[in-house]
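This report refers to the structure that appears directly beneath it.
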Amino acid sequence: MQNLWKNALDTLSPYISNLFDNDVVCINNERYRIQKLLGEGGFAFVYLVQNVSNEKLYALKKIKCSFGNKGIKKAMKEADYHRKFKSNYLLKSYTHQLVKEADGSEFVYILFPYFAKGSVAQVIRNCDIEGSYISEKRILVWCSCLCKALQYLHENVAGDSPKQPEVNDLIMFDEPQVPQNTSNNNLVSYIHGDIKPDNLLLHENSREIVLTDFGSICLVPIFASNNSEAIAIQDKASENCTMPFRAPELFHVKAGSTITEKADIWSFGCTLYTIMFHASPFEREVSQGGSLALAVCNAQYSFPRKHPYSTLLCEIVEACLQREPNKRPSARELLSKIDLQINQ
């Protein structure tokens, strides 16, 4: 048993080295004391840290740079997005740094504001335990915030983006295609790629939210010109996009197909449904014995027979969960409908 624990620690040591409670890390000449682990996923850990000098609290994301320079570039690109995107609804970072540790492993540290209220996912879990619903007014405000974040990404002015797009700048896919609309009104379109309640952080008043986790962001449209590219896109989507929120066009990518920002709109619909009913629309089908992938690809879901929500919210979900991407509304169209309802 002792050897088993030793082997486990040896395996995890590259991820947790120097980041135990009360340990201190130095980022760009500022010292921060680790308070506790807030969350983890993939190659990243998020810690609550306290500035040693002024005692302010922050969130620190530690990203493991696997696969050499490729991993470093991916993590640094994520940090760059957090630093340069100019929207109140996208999480901004304070600073970041590439760090090489004693064992030779490399990490990117990103320092963020600390959101003590946690994520929308935590609110959903609490409501599920209590058997209660989130108010429609609160949901509409959250959706408005998310639509503003998505509109910024999907209709991004090239001057606001971290840099002009290049062939190898995409994060989600290894062999990306240059977006075809970059010369059209100087717009650059990004897809977030992993919209879900866990990635929506609550402000102190719990009213507004910000979108986080930019590790899946990439430029769109992405065209799969052959089977090899189609498989690569599909594989990367399976790595980056959480399955219950993943758009059907990412499950079975075919040569000649194009991935657009409408994949985010599908995820928006899944997220809204989850906020309303505490489970994603397709997980409910699986709980009744179905296949998740099949349910998603067939857009097979249903609403509970009894619930407190208006027809409008259900119609928004239905509009977003169209199998054909071009039939889904844009973030701008969703925002217009949602804000109209809020202001009534």
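Just so it is clear, glycine is given a Cβ too, placed from its N, Cα and C backbone atoms.
When other Cβ atoms within 10 Å of the Cβ of His192 (active site, proton acceptor) are tallied across all protein chains shown, the result is 28. If you look up Swiss-Prot, you'll see His192 marked as active site, proton acceptor.
For Leu38, Gly39, Glu40, Gly41, Gly42, Phe43, Ala44, Phe45, Val46, Lys61, the entry in Swiss-Prot reads ATP binding site, with the evidence type sequence analysis. Within 10 Å of the C-beta of Glu40 (ATP binding site) we count 13 further C-beta atoms, all protein chains included.
According to Swiss-Prot, the feature domain 'Protein kinase' maps to 76-344.
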- Task: Report the residues of the chain - excluding Leu38, Gly39, Glu40, Gly41, Gly42, Phe43, Ala44, Phe45, Val46, Lys61 - with C-beta within 8 Å of the mean position of the site's C-beta atoms, for the recorded ATP site, in sequence order.
- Result: Lys62, Ile63
- Task: Work through the binding-site residues one by one (Leu38, Ala44) and point out the residue whose CB has the fewest other CB atoms within 10 angstroms.
- Result: Leu38
- Message: Based on the record's binding annotation for ATP (Leu38, Gly39, Glu40, Gly41, Gly42, Phe43, Ala44, Phe45, Val46, Lys61), what whole-number value in Å is the widest Cα to Cα distance?
- Response: 14
- Tell me the Cβ contacts of Val46 (ATP binding site) under 8 Å, same chain only and six or more apart in sequence, or just say none. Leu37, Leu38, Gly39, Glu40, Ala59, Leu60, Lys61, Lys62
